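Taken from Swiss-Prot, the feature 5-phospho-alpha-D-ribose 1-diphosphate binding site applies to R79, R104, D131, P132, M133, L134, A135, T136, G137, G138, S139, D200, supported by sequence analysis. If you look up Swiss-Prot, you'll see I194, G199, D200, A201 marked as uracil binding site, on the strength of sequence analysis.
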Amino acid sequence: MGKVHVYDHPLIQHKMTIMRKVETGTKQFRELVDEVSSLMAYEITRSLPLTDVEIETPVSVSTQKMIAGKKLGIVPILRAGLGMVDGFLKMMPNVKVGHIGLYRDPETLEPHEYYLKLPTDVTERDFIVVDPMLATGGSAVDAIASLKKHGAKSIKLACLCAAPEGVERVQAEHPDVEIYLAALDEKLNDHGYIVPGLGDAGDRLFGTK
């Protein structure tokens, strides 16, 4: 079963607390999502393989390290996942970005896919699916399944805030996928929102409902 990584870095926790506050406005919320995403990208890529390369510095020839292995891809789940993309791109500016569009049925809380655009070389990439919230887990489960259907073999999931119910569902349906979180909260409420959570991330990111 895929591991769950919850980051306790002081900067991440501090920024998450400000993000959670009901009085935090759209501009600051957007900036915080971007900042926490960059910090998470730094941690998630810690295990990337390295290879030795010979370079010439202004002083001498030297053997140094560069990232090796498969190319990376980021796939935000629309729309809220878009808020995390720039934070990841600051750390990994050359990665390709796919998109998966899902909306949640207000009655069943289950997701429905309406858009999918992936790099043409899916089988040659390690993917990081990004979505600020992991609530019921339905959107993440479907997004991961869509990637696998198109040939993806290595997938990670990065979320700012998660409920145990969502984590358990992803682990049950995709045990090969590692999950990376800035916060693991208490539970879901009767409306499918994470408690204490941070509200509707998409609404708070874009200022619309």
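Note: Cβ is positioned from N, Cα and C throughout, glycine not excepted.
Each residue contributes its Cα atom, and for I194 (uracil binding site) and A135 (5-phospho-alpha-D-ribose 1-diphosphate binding site) these two points are 6 Å apart. Cα separation, G137 (5-phospho-alpha-D-ribose 1-diphosphate binding site) to D200 (uracil binding site), rounded: 15 Å. Under the DSSP three-state reduction, I194 (uracil binding site) is assigned to strand.
Taking the mean position of the Cβ atoms of I194, G199, D200, A201 as the uracil site, the remaining residues of that chain whose Cβ falls within 8 Å of it are P132, M133, C161, Y193, G197, L198, G202, D203, R204.
Between A201 (uracil binding site) and S139 (5-phospho-alpha-D-ribose 1-diphosphate binding site), the C-alpha separation comes to 14 Å.
The Cβ neighbour count for G199 (uracil binding site), using a 10 Å radius and every protein chain shown, is 18. Of the listed binding-site residues, namely D131, D200, the sparsest Cβ surroundings within 10 Å are found at D200.
Within the same chain, residues at least six positions away from R79 (5-phospho-alpha-D-ribose 1-diphosphate binding site) with a Cβ under 8 Å of its Cβ are G101, G202, L205, F206. Here D200 (uracil binding site) is compared against the binding-site residues D131, M133, A135, S139, and the shortest C-alpha distance is to M133.
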